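Student: Quick paste from TrEMBL:
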ACT_SITE  Lys23  active site, schiff-base intermediate with DNA
COMPBIAS  7-21  compositional bias 'Basic and acidic residues'
DOMAIN    593-627  domain 'SAP'
REGION    1-21  region 'Disordered'
Amino acid sequence: MDLDPEGLFRDDSDSESEFYREKDSTKEFVVYLVDASPKMFGAARSDEDEKPETHFHAAINCISQSLMAQIIGRSYDEVAVCFFNTKEKKNLQDLNGVYVFNVMDRECLDRPTARLIKELSYVEDRFMSNIGSRYGIVSGSRENSLYNALWVAQALLRKGSAKSVSKRILLFTNEDDPFGSITGATKTDMIRMTLQRAKDTQDLGISIELLPLSWPDEEFNVSIFYAELLGLEGDDISQFLPSAGEILEDMTDQLRKRMFKKRKVKTIRFSIANDICIEVNTYALIRPTSPGQIMWLDSVTNLPLKTERSFICADTGALVQEPHTYFHPYKNEIIKFSMDELSKIKNISDGQLHLLGFKPLDCLKDYHNLRPSTFIFPTDEEIVGSTRIFIALHRSMLRFQRFALAFYGSLYHPQLVALVAQDEITSSSGQVEPPGMHMIYLPYSDDIRHVEELHMAVDANAPRATDDQIKKASALSRRIDLKDFSVCQFANPALQRHYGILQALALGEDEMPEIKDETLPDEEGLSRPGIVRALQEFKISVYGENHDQEEANTAAAKGSGSEASRKRKAMAETAARESASYDWADLAENGKLKDLTVVELKYYLTAHNLPVTGKKEALISRILTHLGK
């Protein structure tokens, strides 16, 4: 097999791909527990022109929106939807009052699909006829649907280790006192059993989160029962409802974006001196978002296609079954390579971080940061004492205002890096920024493009802004300056539209979701008198008093047509007139087109708006194709 000479040192994997890999440690298993009691179907709020909205509808809409965002942002997470306080039962434990909602070709706890989202969004219309609603905790009965629901949710989250997978139960209800209809020892016993079931679930590493749905005139009282179930005490109880409300709002109004966890990417060795070496973990902080990769599907079954590659012998046409041999021609010789030799050629570094020295921070320029930096933090898992040495180095760099210059020997792209120490930032609510170092990838010399001079001649008069123009420009800049600007305030409209189209196709929606382009100019803000006045003064200082009239004259001249356009129109009329004097069909039928000159052939092409470039054979072929010969 021939070896591509330009690809000899080609990367086998993208240098950034390590930051995008989904691993089990980033997975999250979620069970949505939705109360289906008759109280959830009461009108929570009503508008005069719209159908009354129920708490059950709000919960289903919240889950549907969350699943849509999850397919884009966290596609490897697995979810299950479970209703309790139902007439029908559907669960592996055969417990009363619990119904696990699912669709065909999907496990109860699995990755969300378009079919699941679509059928869940319409479940309210058929809920009463197919599943039914009833109070599962009533006086004179030993049934405890909340207890059963926690049991079923715990069983659904049985797969996967709690050490590598985050497991959660999200409980939607508007009933703050689920045992209010019973009294006496029965109530005490049922509360005790439910709290014990919740404690057993949490002991298995499963967190339980409550999303309360309040009535307009009645606030959800978490202190009655759920505070003890969730383990809330003191100030946590008063702060619970506002935080839960924010979670609900975030779930229903999520931005379509991919979410990358602040997780450890990998562990590398940091060689400080000849005999001192520590270990650090690397973390990806900010990465650009791009659409997902294209997946080829079968046109009939709609299943993903598997790509297979076979090699055919050029001499015999038979399939090559033997191991492939890689070679490269060099000076009339065939140089063969084994896979081990190729691996050694590509492995030009040991993958460690080597300290070279220190430099003042002012030597590091903004344009040195070519791509997103990586955050490093020490670890004592393999080398004990790494944290202590790292702290000493970190404090010294902060004290002397230095950054460390190091060589990062990544397997496929070794380069110099700058290690910039970051001090810890705290506030009254806790830690805002952790201490550590940012690894900034420094450019090679050919990565830096120098500024090109516009006017190369020594005696050229370069235009310079006057003091008045500078003053007017500064006033305009101050007027339109964005306060507390951050790039995170604006969503990428192209990505939002891309995900909106995917959503419409997957769910079979007739209309694409409305996408708000936040990058468009703020017309209302720019129309304020102060900004309009500053903009007008700037235009007058640069273009003069009569710039509006000059622009109008220019537009009128363009509308009347330029000299070049008039020449093109005259040439087209001439070509049409000359082309009409030939019987092109007869010439093509008898093969006489080759007897015409290039100029004559171009008459036909110009008259029919066809390209006129190429040699005579290309022109004849183009005419024959147009005539259908």
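Heads up, the Cβ atoms here are built off N, Cα and C, so glycines get one too.
Help me understand the surroundings of these features in the structure.
Tutor: The list of residues near the domain 'SAP' (593-627) in space but at least 6 beyond its ends in sequence, with Cβ under 8 angstroms from a Cβ of it, reads 571-572, 575-576, 578-580, 582, 584-585, 587.
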Student: By DSSP assignment, list the helix, strand and coil residue numbers for the domain 'SAP' (593-627), in that order.
Tutor: 25 helix, 0 strand, 10 coil
Student: Let me know the model's mean pLDDT on the domain 'SAP' (593-627).
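Tutor: Mean pLDDT, the domain 'SAP' (593-627): 83.
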